[in-house]
Amino acid sequence: MNLSPCQKASILIESLPYIKTFYNQTVVIKYGGNAMINDELKQTVIKDIALMKFVGMNPVVVHGGGPEISHMMKKLGKEPKFIDGLRVTDEETMEITEMILLGKINRQIVSLINENGIKAVGISGKDGGMIQAVQKDPKLGLVGEIKKIDTSLIDTITEKGYIPIISPIGCGENGKTYNINADEVAGRLAAALGAKKLVLITDVKGVMKDQRDTSSIISHIKTAEIRKYIEEEIIGGGMIPKIQCCFDAVTMGVERAHIIDGRKPHSILLEIFTNEGIGTMITT
């Protein structure tokens, strides 16, 4: 699409109020879904994050990696098991999870951001005892529930001008390592950091009144409406934990949470820097 100079200027002017609003503010991004797999989408996400940093925002990235973990497990002859959408994690599965999240995905994201002229540092919730966790359910094995978050390491990283890239792994008593849902980590971290926004990159357009009609997207949901939408089964399945994550974040002080479609190029910029935005916004 070829835009005239006036059209380009208009786009820049539209973004100016948002650049001013979010200058020096923290935005936590949960990076997951197809945008992590498709190379073209991956590049647009990375460029969006780099631009956020260039205009004075403080992006903090929490990444997932479920499909790649499952792929490696199958490759090693181990069948993935899930209960209520959570991966049953024994010692061997935990080793594979760390290998994929830290050894592969985290490093890839850091490298891509560095290539775009921004400095990034890869860490996990275990580093510096950042995420303290306890076992969520014995049936799930080493799946953790967040007990406490210490943001001092992230604060130090951002103060030095780096973008923290965080793997959703926590530590517990007696040196235990826990696999933690990335949405949960992003939501709790956003609250602990006093973030202005939480953005969940997903493979859906947002919350829709009718799953068969993509035009039925609900652009704004207040926390008081969530229970009603769940009872009416408008919110169901895999959307429930994402909505719960957003609910927890905004009730703990995050101004706004957003569920956006990562399959749309530059979805982060469209949400943060335009009047219309995309996806579903959750507020109190």
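Every residue gets a Cβ built from N, Cα and C, even glycine.
Annotation comment: TrEMBL describes 26-261 as domain 'Aspartate/glutamate/uridylate kinase'. Across the domain 'Aspartate/glutamate/uridylate kinase' (26-261), the model assigns an average pLDDT of 94.
The site 'Transition state stabilizer' annotation in TrEMBL covers Lys30 (among others). Reduced to three states, the DSSP call for Lys30 (site 'Transition state stabilizer') is strand.
The substrate binding site annotation in TrEMBL covers Gly65, Gly66, Arg87, Asn179. Around the Cβ of Gly65 (substrate binding site), a 10 Å sphere holds 22 further Cβ atoms from the protein chains shown.
According to TrEMBL, the site 'Transition state stabilizer' annotation covers Lys242 (among others). DSSP assigns Lys242 (site 'Transition state stabilizer') to a helical segment in the three-state reduction. Every protein chain considered, the tally of other Cβ atoms within 10 Å of the Cβ of Lys242 (site 'Transition state stabilizer') stands at 24.
In this structure the C-alpha atoms belonging to Asn179 (substrate binding site) and Lys30 (site 'Transition state stabilizer') are separated by 16 Å. The C-beta environment of Arg87 (substrate binding site), restricted to residues of the same chain at least 6 apart in sequence and closer than 8 Å, consists of Gly66, Ile69, Pro80, Lys81, Thr93, Thr97, Leu140, Val143, Asn179. Secondary structure at Gly65 (substrate binding site), as computed by DSSP, is coil. In the three-state DSSP assignment, the secondary structure recorded for Asn179 (substrate binding site) is strand. All protein chains included, Asn179 (substrate binding site) registers 27 other Cβ atoms within 10 Å of its own Cβ.
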